[in-house]
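Features of the protein shown, as given by TrEMBL:
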DOMAIN    39-320  domain 'ABC transmembrane type-1'
DOMAIN    352-588  domain 'ABC transporter'
TRANSMEM  36-57  transmembrane segment
TRANSMEM  77-98  transmembrane segment
TRANSMEM  138-157  transmembrane segment
TRANSMEM  177-196  transmembrane segment
TRANSMEM  260-282  transmembrane segment
Amino acid sequence: MAQTPNSAAEVSEERAASKRVGVLQALLPYFAPYKIWVVLALAALTITASVSLILPVAARRVIDGFSVGDVSLLNQYFMGAIAVAAIFALGTGLRYYVVTRLGERVVADLRKAIFDRMIGMSPAYFEKLMTGEVLSRITTDTTLILSVIGSSASWMLRNMLMMSGGLIMMLWTSPKLTGLVLLIVPLILGPILALGRKLRGLSRQNQDWIAASSGKASESLLSAQTVQAFTHEARSSTEFSNVTEKAYDSARARIKTRALITMIIIFVAFSGVMGVLWIGAIDVRSGATTAGQLVQFVIYAAIVASSTAALSELWSELQRAAGATERLVELLEAEDSIADPQEPIPAKPGALVFEDVKFAFPSRPDQPALNGVNFTINPGETVALVGPSGAGKSTIIQLVQRFFDPQAGHITFGGVALPQMRRSDFRQFMALVPQDPVVFASSAYDNILFGRPSASRDEVIAAAKAAAADDFIRALPDGYDSYVGERGVMLSGGQKQRIAIARAILRDAPVLLLDEATSALDGESEALVQKAFEALSKHRTTLVVAHRLATVKNADRILVMDQGQIIAQGTHASLVAEGGLYARLAKLQFSQTDGA
Ligand SMILES: Nc1ncnc2c1ncn2[C@@H]1O[C@H](COP(=O)(O)OP(=O)(O)OP(=O)(O)O)[C@@H](O)[C@H]1O
């Protein structure tokens, strides 16, 4: 089932070793449909950056204009400045709107794409990853990307424009001083590049621990009642606290590196610029340059220095987002061990055949769950699977629906091997009542309707009646429209099971898969449901797993399983007469029933 949080670090290492995803390249396809927005955003950014770059020129003109005392020129400059302010405001507003909206759009698409990928993944995938972790990625990691697209990326572009534009203007103002400034650049780029990679690894580790912490929280909260019943609240809290502290520790390491990068860069950038200005001030004194020129140069130098400092911070942010992107791309590109064929053969109902099927679950490759299973269920036949716990009965039900592929042997349905058909094609011919009935957080009605969403209200009610569920549903506060709680917590085990049965009945599929379908029902309900099943099974292929032999006595054939093999088969009477495992189980159960 779920991995322990401790293994999150191992998983993280495993991931780090796997292929490195190009920083934000993986996100590019998500921007493709919104090219026009990207162009608009770039235009808005260019406008605001250009305006900021014009201001120092204006400052020089004003200062030098003052010195020649030309007031009319001054008036013109200030009127121009007001017009520029309007353009600046417009550009800034447009940038915010376009960029933020683009970010939200892309992240919404990304979330949907991940969900679409995840909902179709076969169960083996979720054995390694806790669902809470997947949720954390869909929420926290995408939020991080949103902040990068929505603000950091545009700030980054703006600062890049300001930095390069500022440099050009500096060069124009004073090539000598600019040359000196450029000597500082390698000192700034060095630490950015050296520490940036480290930061990305640390960010990724941090996100992994956050996900592990979400995974732990969702697992414990979902089973809060069991935790309380065993008085393990403190233990659960400690476990959660440990993972959360790990997340904090990794965040601390990330923050430390980021603070270091920022500190180095700001110091180098500002002290370097100050040094250059020092020289400039000497030039003004000697008359080699005007005061206005130096002021213009100072402002450009300040723009370049502050945009460089901002870029270093944003670079760190981008590294963080790159870590998050890696984690999301892993979900988007997750390989499913089960895949649909390129050219599927259309599915049609027919016999269900297992031919020498050998299977071990991926998580336990050395422990075969099925060890050479052969059987055929002809259309319309009812076959029961019985045997001790862990014999492999539910495994057969899972393989019939191709949630896993066997390592050896073949499973065919209607004469075609399962991997040659699209999974949704043959699954639509199957109705399942699983061992643990799943009830969704919605109404009783919607839960039954899930079996066949096109069904009418009358059909839903008829299915509920057949599943002996109508009476209890009507007694709920809002009848069929009553909310049944998350995972059906407002229902009893037997009620949940009857909802699951009604859902399967409504599905009206040619193959009925019943895995301990009536195990939670009282004798009376079970007898009623049993009758419904018998009526339903008449024209259907039915595979039924049951511990209570009374429920399978009338099956056309009973397959007795033990340790992944079918050790006997026949009718109830013939198996009892044979005197094997089945006869022993029957004796035990029927004598208990007699005694009761
Ligand atoms: N997802 C899984 N990963 C690894 N092993 C599994 C998994 N599911 C089941 N198994 C193992 O496979 C074997 C067969 O399990 P299966 O659920 O088919 O038994 P069963 O006959 O249905 O038992 P029960 O009557 O208790 O439901 C068991 O040893 C079980 O531990």
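One-based numbering along the chain as shown.
Cβ coordinates come from backbone N, Cα and C, glycine included.
All TrEMBL annotations are machine predictions without curation.
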Recorded stretches the transmembrane segment (177-196) and the transmembrane segment (138-157) touching, at least 3 CB pairs under 8 Å: no
Contact ranking winner - 36-57, 77-98, 260-282 against the transmembrane segment (138-157), Cβ under 8 Å: 36-57
Mean per-residue pLDDT computed across the domain 'ABC transporter' (352-588): 88
